[in-house]
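These notes concern the structure reproduced below.
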Amino acid sequence: MTAPTGVLASARARVVAWSPGRVRLVLWAAVALPFLIAAVRLVSRHYHPVLDQAMAEFRVRDVGTRDTPLIGLPGRIFPPDRIGDYTVQGSHPGPLSFYLLAPTYRLAGSTPWGLLAGMIVINLVAVAVALWLAHRRGGLPLTLVVAGAIVVLVRGYGLEVVTQPWNPYLPLLVWLVVLLAAWGVLLGDHRMVVVVVAAGSLCAQTHMPYLGLTLGVGTLCVAAMAWQWWRHPVDRRAVVSSGVTAALAGVVLWLPPLWDQLRREPGNLGMIVDYFGSPTDDPAGTAEGVRLALRHLDVFRLAGGAFGADGYATRAGFDLERSIVPGLVVLFVWVAAVAVAVRMRHRSLIGLHALLGWMLVLGVVSMSRIFGKVWFYLTLWAWMTTTLVVVAVVWTAVAFARSRWPEHRARVARISAAALAAVVSVGSLAALTVEAFGAEAPEQHLSDALRAVADPTVDALRDGVGAADGERGTYLVTWSDSAYFGSQGFGLLDHLDREGFRVGALPVWRVPATRSRVIDPAEATAEIRLATGRFVDEVRAIPGAVEVIVHDPRDADELAEYDLLAVEVAAELRADGRDDLVELIESNLFGLQIDPAVSPALQRKVDRMLELGTPTAVFVLPAPGATGSGA
């Protein structure tokens, strides 16, 4: 034995001698390092939440009060005859994410950074549970594999995704826990159904796509437990006990949305059922669902993206036109791996492949039922399935080599697979750790612009500028936004509410702003109006308006770039015969960006304009009569 080989063997022996808990702790610490670095870096980003994040902070701040939320964030859910009527807007199913974010948020002083820290805590708990489940299924080797897969997934999604408590992002790593626990149930570890219910409830309550997926996984687990009950009479009491415990856990976790359904008319769960029963948009359809599923099996695209910046899996969701051929190749390889696993009668692998097959079917069904625009965030969960497909295929290949090849060749195959996995995992971890030092807050450009005007607005209100009456006043917060559909308006409302002012939005916003944060305009002492773009001059001209601050985030070069892009976008729209959309450049830039008539190339130019920003101003107006819509 050579010296290097002896050192490696000695090191391996020491690691193997560690207790399972110690191994998991070391792996967890390694995965946690980029998260912790990012958390520290985000302190200096002076985060100011906007739009959905501001809405989330409203609800997290309300946890434990008489306004404790019972349902989730607002969604694109409207009655068929009242599309766009925000007074009857439906929400995602439940509030569990707000309850879990609240402790860290409060420990962090009820600051916006506390929201980001809360997201990091939830993800690190999910990582710990995933490693525990992996060890339960496959000991040290599988624990190492799952740790590596998590690192690759985190880098694929990007630090901005896994540190941002936006409802499409929050369930991502928790979903891995659901899948690993469900795998255990399929293999007879029926107690893990409680984990499936608990983690699945968090996912399903937080973001709508997980509702159907969780019900599908739950159905598979129930079927597996029924089979266990039938085939193993000696275990029937234990199986029933696990099922009852899981059912009780589910009832407890779903009490808030159930209570909302009983006490409100219409209840939110009823609105969700009505919406999916009579959707306001056409579904993507089965053919498009299959194409989307195959595009999310394109591991070759991910492998190439891994050599760039983090977030490559998230960015892949923006490209809906790429070929499905790579996905078909992966699918065929996986089917071959299934056949090999069945022929080997490898129980653990058969269970994993069965789960993945079910997830591929559920994925097609879920994607085919997407209504309207296929937003990238609606299918992020699919990369979790793809990652486990890769793990299952490689594991099957190694198991086959071990069973059929001579020992020395099988050993070479195992070492080669382990070395490749180690290089990918360690390389991803190293890159992710470096990238964590540059972590940015969600929508950093919008956060920075809001930060520039938020504190001066607080000072103006306390100083009684214009119609303001200090902290005794009641303020109606409105916005006239040419670019970001009110994102910073909700952010300003959130900031003033956090600072202790009695503020509210117009009653039309009672769902997104919460019922406790809307006021009758007749009760307001003054109106606080945030204006952007061309609306700055319009609001400035309102009689009695007092300008608090105006901020333009662009320097001279960026302003010139913005103006040039505006000219190019207008010219291309006219060339495409869409003169009707030109006006949106100055009145509703985001609306232009998401218009299906706008080409991807043109959308990228509009994206750049949105990133560069536009003038943002805040005004104090007299007590409102008919001074604006606040939209």
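Each Cβ is built from the backbone N, Cα and C atoms, and glycine gets one as well.
Summarising the annotation, TrEMBL assigns transmembrane segment to 25-43, 113-134, 140-157, 169-188, 208-227, 239-259, 324-342, 349-368, 374-400, 412-434.
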Contact ranking winner - 25-43, 140-157, 239-259, 349-368 against the transmembrane segment (208-227), Cβ under 8 Å:
349-368
Is the number of Cβ-Cβ pairs under 8 Å between the transmembrane segment (169-188) and the transmembrane segment (25-43) three or more, considering only pairs separated by 6 or more positions?
no
Short question: which residues 6 or more past the ends of the transmembrane segment (374-400) have a Cβ under 8 Å from it?
145, 149, 152-153, 156-157, 161, 166, 168-169, 171-172, 175-176, 179, 209-210, 213, 284, 288, 292-293, 296-297, 299, 302, 313-314, 317-318, 320, 330, 333-334, 337, 340-341, 344, 346, 349, 352-353, 356, 359-360, 363, 367, 413-414, 417, 421
May I ask you to check whether the transmembrane segment (113-134) and the transmembrane segment (239-259) make contact, with contact taken as at least three Cβ pairs under 8 Å and only pairs 6 or more apart in sequence counted?
no
